[in-house]
Amino acid sequence: MQLLFCIGVSKGQYTMAGFNSLIETSAQNQTPIREVFILGFQTPRSYRVGLFISFFAIYTLILSGNLLVISPMLSSRLLYSPMYFFLSHLSLSEVLLSTNITPLMLDALLSNGVTMSISGCLVQLQLFGTFVATESLLLTVMSYDRYLAICRPLHYASIMDYWSCIYLSITCWALATLISSISVGFISTLYFCGSNIIDHFFCDFAPLLRLSCSDTSMVELEVSLLSTTPTIFPFLFIIVTYCCIIRSILRMPSLKGKEKAFSTCSSHLGVVSMYYMTIIMVYVMPNKGHSKTRNKVVSLLYTMLTPFLNPIIYSLRNQEIKSALGGLLKRKHAIKMLL
């Protein structure tokens, strides 16, 4: 017994290192899990078909709505501007985010759960982190674009030129991929054993950590610090830029100019508010006292509802996009008539 209490003691002082080492050794003696079982939404069978149809319909609208935003931007010269360029990247990230999550969720809903390998789970988590972080960074760049257009209009064309847009978009995707890959790399060092059930509809960070038999405190700290780059810092930057934008708008002498400026920014501000509200509710606010069902419902907001509403809020009500989309449809109809 005395030997057990002396584990990890150095110069008469107890340390946690010995106890953590003992826990790690004990965990590694257990059988490692190779697969996880994703529960999804545990609802009565009579509700599953209705939920499946609803989620599938929303997913179809997400794909069609965002692709309808991207298509005219690739073919119409009316939309060769930084705002629409970044908007097309935002729509692409939302299509990829939903495609990464929704098919598995639908499968789990019909099958009352679905099995996935640990490596597949980590890949889904890495892609999820990449697309969420990319969306956050793109929203930040778009707020900077609005700041330049309203607060520094004389320098806007020289600062936000074609190559600047290319550089910023590549930076968003590359930085998001790097941060997500490093985070998943930390998680992959953990030892998973015991229960293999994930009470969620996809492989998210917190539910996956619950399956680990290792000490996860250091990994949680490292991932939390990394996640501030694509979440907290961009959110604070957007707040600062919009404070500057609102101050500039209020100083405008023309009422018509104020209305036009507010109209330009209101869509982006609505998307930003909806996006960060859900992200903060899930990943920043403490989860203690909140049910797992609540976390699933909130996660649905940014994996399905936000990508569904963004084309409506930000794009499809824009007259320039409507005109470009109408021209694209007319050209396709004319080509079909010729064929």
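Cβ atoms here come from the backbone N, Cα and C positions, even for glycine.
The annotation domain 'G-protein coupled receptors family 1 profile' is assigned in TrEMBL to 65-314. If you look up TrEMBL, you'll see 49-71, 125-144, 165-192, 232-250, 262-285, 297-316 marked as transmembrane segment.
Here the transmembrane segment (49-71) touches the transmembrane segment (297-316). Their Cβ atoms form 3 or more pairs under 8 Å, with each pair 6 or more residues apart. Beyond its flanks by at least six residues, the transmembrane segment (232-250) meets 136-137, 139-140, 143-144, 146-147, 150-151, 258, 261-262, 265, 269, 272, 276, 280, 284 of its own chain at Cβ-Cβ distances under 8 Å. For the domain 'G-protein coupled receptors family 1 profile' (65-314), the model gives a mean pLDDT of 86.
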